[in-house]
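Okay, these came from TrEMBL:
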| type | residues | note |
| --- | --- | --- |
| BINDING | ASN12, TRP13, LYS14, GLY174, SER213, GLY234, GLY235 | substrate binding site |
| ACT_SITE | HIS97 | active site, electrophile |
| ACT_SITE | GLU168 | active site, proton acceptor |
Amino acid sequence: MTQKNKKLIAGNWKMNGLQASLKEIELIAAKVGHYADKGTFLICPPATLLPGAKALAGDDLNIGAQDCHSEKNGAYTGDISAEMIAEIGGSFVIVGHSERREGHHESNEAVKAKAEAALGQGLKPIVCCGETLQQREKGEAIGFVTQQIADSTPDSLSKDGEIAIAYEPIWAIGTGKTASVDDVAEMHVALRKTLVDKYGERGNTVEILYGGSVKPENANALLHTQDVDGALVGGASLKADSFLGIVAAL
Ligand SMILES: O=C[C@H](O)COP(=O)(O)O
């Protein structure tokens, strides 16, 4: 779990990684402890690698999942529950990633239910949001994204830092394009206001991560932007060298 005075650097492996990829977890786990005073570190591999990753992660690297179902168990073929993630020692779960909102038609209401299921099992949900390029070009990005977060997050929080959110402009994911530092700051400040409006002072304890083509070369600027409390990293989290390059920018 994180403290707000540290940044959260999270890797999302998406549908990448076979057993051989666990060596990257081992390499990351061996090094992130050197940055423990500055950050909290997390890798979310595919579900097949969760137990193996947890066995190698040690004390300094958190392991989480990329999604969970909102129900505790039942006839939901192909899904995994928050309880299953918790049982193998996972401590985080990503919910509402744009690839699931788009590819699996997940609504804000469904994402909120998943986040609440995660909290029910003691997991920390990372609730994702982000606009399309068309929405940004029309000047709708801030309104759309802040509403998405208002509607996708749990109604209340029972402790500080119980959830994190991740702002990922869809047009920046896997494209090599990143939002400008000014655009990121503008969005993160707006998201902070949304969180404080919803949760009061506790809204200040929710980490707001930036995601979208984060790599070692741009991590320093992004991680030191106003209200950026960490990063959600896709492609650059698949190899220990590049993930650790981002960690070194803290
Ligand atoms: O969850 C991670 C994001 O979708 C960012 O992916 P990316 O770093 O490959 O652009």
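Any Cβ shown, glycine's included, is placed from N, Cα and C.
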HIS97 (active site, electrophile): which of the binding-site residues TRP13, GLY174, SER213, GLY235 have a C-alpha within 10 angstroms of it?
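None, since no candidate lies within 10 Å.
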Just checking: which of the recorded positions TRP13, LYS14, GLU168 have a C-beta under 6 Å from ligand 1?
GLU168
For ASN12 (substrate binding site) and GLU168 (active site, proton acceptor), determine the Cα separation and express it in whole Å.
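On Cα coordinates alone, these residues lie 12 Å apart.
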Using a Cβ cut-off under 8 Å and a sequence separation of 6 or more, which residues in the same chain sit near the residue listed as 'active site, proton acceptor'?
HIS97, SER98, CYS128, CYS129, GLY130, TYR210, GLY211, GLY212, LEU232
Express in Å, rounded to the nearest integer, the largest CA to CA distance found among the substrate-binding residues ASN12, TRP13, LYS14, GLY174, SER213, GLY234, GLY235 named in the record.
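Looking at ASN12, TRP13, LYS14, GLY174, SER213, GLY234, GLY235 as a set, their Cα atoms extend up to 14 Å apart.
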Pick from ASN12, SER213: which of these binding-site residues has the biggest number of other Cβ atoms within 10 Å of its Cβ?
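Selected residue: ASN12.
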Look at each of the binding-site residues, GLY174, GLY234, GLY235, and point out the one with the fewest other Cβ atoms around it within 10 Å.
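With the binding-site residues GLY174, GLY234, GLY235, fewest surrounding Cβ atoms within 10 Å: GLY174.
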For LYS14, HIS97, listed as recorded positions, tell me which one has the smallest number of other Cβ atoms within 10 Å.
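Counting other Cβ atoms within 10 Å of each of the recorded positions LYS14, HIS97, the minimum falls on LYS14.
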Cβ within 8 Å of the substrate site's Cβ centroid: which residues qualify beyond ASN12, TRP13, LYS14, GLY174, SER213, GLY234, GLY235?
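Other same-chain residues near the substrate site: ASN16, ILE173, VAL233, ALA236, SER237, LEU238.
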Write out the long-range same-chain contacts of TRP13 (substrate binding site), meaning residues 6 or more apart in sequence whose Cβ is under 8 Å from its Cβ.
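For TRP13 (substrate binding site), the qualifying residues are SER21, ILE43, CYS44, PRO45, PRO46, LEU49, GLN66, SER237, LEU238.
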